[in-house]
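Taken verbatim from Swiss-Prot:
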BINDING   S110, G111, A112, L113, E131, H136, D161, D178  S-adenosyl-L-methionine binding site
Amino acid sequence: MSATGPFSIGERVQLTDAKGRRYTMSLTPGAEFHTHRGSIAHDAVIGLEQGSVVKSSNGALFLVLRPLLVDYVMSMPRGPQVIYPKDAAQIVHEGDIFPGARVLEAGAGSGALTLSLLRAVGPAGQVISYEQRADHAEHARRNVSGCYGQPPDNWRLVVSDLADSELPDGSVDRAVLDMLAPWEVLDAVSRLLVAGGVLMVYVATVTQLSRIVEALRAKQCWTEPRAWETLQRGWNVVGLAVRPQHSMRGHTAFLVATRRLAPGAVAPAPLGRKREGRDG
């Protein structure tokens with residue numbers, strides 16, 4: 001997606017009406033975009049700068065901007081459930097996904113998290129996404145390619161079980177698991193992740209949360225896992241009339257963070273809790 005300059009042919013743009021409703025279209029010469037508030041000629045948008053306002057055939061005004069990554073993710077065609085921006089942002093931050101990083105992703109889904117990972121690692125980094133289901137992999141491929149215009153050079157999509165990965169030992173800096181049974185691939189992840197590397201796990205249920213945390217502890221090659229969830233609530237602000245919105249984005253998932261220990265190292269047991277196999 002372009003970031004600056006006038007809108008050009010073939011580019012995706014976002015129209016926002018007076019009620020805040022958003023529409024996305026790809027600019028094609030001679031085409032028209034139809035809404036319930038009238039049509040908008042693509043030719044009227046091509047060549048404009050971002051932040052311009054156009055008028056529909058019915059006289060309605062629309063703000064024209066390039067869609068942000070969050071806009072694209074929330075409007076792109078879905079197959080599997082997407083990872084919401086509030087969780088993707090924390091995965092990138094808590095997982096310390098840095099420019100140039102080699103990131104392993106298990107569970108490409110619809111490609112929502114993949115896009116955030118690709119943005120974070122930049123052109124010098126690499127994202128390797130494993131997806132067992134061919135239909136999910138195709139959804140991810142279409143959505144990622146739709147955002148970039150083509151499959152990015154620094155993205156590798158593998159339709160296979162991560163447990164069967166033939167990647168070299170210690171070949172990734174960070175790993176992210178978004179799958180039903182992440183505990184089943186911990187042996188593969190511990191082999192592939194560098195010492196000190198961060199593992200982030202995304203799970204939806206309390207049962208999954210308990211099982212993955214206990215599995216990490218049992219392996220005894222990870223730091224003590226941290227687990228949390230995030231609830232997001234918007235606020236309405238009009239002068240001094242400030243109040244929370246009636247609806248909120250509540251539970252979407254639990255996130256778990258841990259780091260790979262050096263071979264043979266044993267982390268100190270957390271105070272206040274005995275660890276089976278370490279403290280007797």
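Glycine residues also receive a Cβ, built from the backbone N, Cα and C atoms like all the rest.
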Cβ packing number for H136 (S-adenosyl-L-methionine binding site), 10 Å threshold:
18
Would you mind pulling the DSSP three-state label for D178 (S-adenosyl-L-methionine binding site)?
strand
Least surrounded among the binding-site residues, given as E131, D161, D178, when other CB atoms within 10 Å are counted:
D161
Please give me the CB contact count at 10 A for A112 (S-adenosyl-L-methionine binding site), counting all chains in the structure.
28
Output, ordered by sequence, the same-chain residues six or more apart from G111 (S-adenosyl-L-methionine binding site) with a CB under 8 Å from its CB, or 'none'.
M76, H139, A140, R141, R142, N143, V144
Where does L113 (S-adenosyl-L-methionine binding site) sit in DSSP terms: helix, strand, or coil?
helix
So, three-state DSSP: helix, strand or coil for E131 (S-adenosyl-L-methionine binding site)?
coil
